[in-house]
């Protein structure tokens, strides 16, 4: 068993390496951490790392790698599975070697690197590469010129490719994201578009690296000063043309980065109230009176086309409020991406629900359709803490809701009639215009979010107990 991580070659620097006692103890510690992650019956307990692997580990320790990091490498190498490839991978705590469970956290979109415009990358690379001097001490003019040309082409290649490598390595991989953020990427850009853009950027980097190395090698073989200058000019021109042909990938990545950074961050450890309902029932107006959020309020459906965030501060406690796009009465498979954003929040985030009903039909959706949608969402996400609100109650006295079809009179006629007259059981009647019921709503919301906080803390305690059992 080689115990050498995939992609790690035992090159000349490793063949002659000798480990100090301190480094050897570090390797031993890494091996110990790895074995503590194995079941007692595993045959790998008796395995020993090869000499090549030990030298590789020693080199990593000299560069500042922790023993916990090496333990993870050993684990992935022997199991033929990369730690980063496992969505619920176990990580090793470097302080005491105990195992802790990796938690998927939100907020990855706010940590993505800034992407420079393609023209800025090119201009910076051109300026820096032209200032690269030849190696000192070369007396022969031809040798000095070809040395200078090769170094400048190599510098241009690196100045163009290194930023692209930084982007592809630091933009999050979908499998490492929280399920909520994975769904946001898919619903915002479409299936596979995010990976396609990163793939195009990486392909551009590989092409630049290949062309740059080729021309630097040719320039280094020049026999005269003039030939070196010509090959330098030719190589610089082709590198710049390759970069310019692929700069659309960089522009697309800039647009992706802007869209990702503008997406709201919902902290799963802070109680969150999610407003749900049909289009134009008054969700955004309620967000305005409940929180710091200022969503657009208009008299037409689908005013809200994304997830909008606000915050509530009550009794020195901070809560989150999300305004979601309206849901139409149709099967989940037929919903558009705007509606699916709402379902993603309900499915993946630990939220409390404030479901909004408009019995006046001022929203443009019939009461019967609102009832069908409500029953479907309630059945699917009924385990959430829940408040029902009948909005626009000031319009109910003069409104004349449409009558249900005669075919609907059988079976569920009474339930539909009760819903049309009163809304769901225990629903709060609210009018933003006249302020009817707003104080009661705020009190109920505070009580609901306080209960949600208790749930979050209880879930955190359960996670700690599970980790304790693993230890």
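Glycine too: its Cβ is placed from the backbone N, Cα and C atoms.
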*Quick one: sort out which of 193-224, 225-256, 257-288, 289-320 is the coiled coil according to TrEMBL.*
225-256
*State the non-local partners of the coiled coil (225-256) in its own chain: residues 6+ outside its ends, Cβ under 8 Å from one of its Cβ atoms.*
115, 117-119, 121-122, 126, 129, 141-142, 145-146, 148-149, 152-153, 156-157, 160, 164, 167, 171, 189, 194, 197-198, 200-201, 203-204, 207-208, 211-212, 215-216, 218-219
*What are the DSSP helix, strand and coil residue counts for the domain 'Nucleolar GTP-binding protein 1 Rossman-fold' (337-394)?*
28 helix, 12 strand, 18 coil
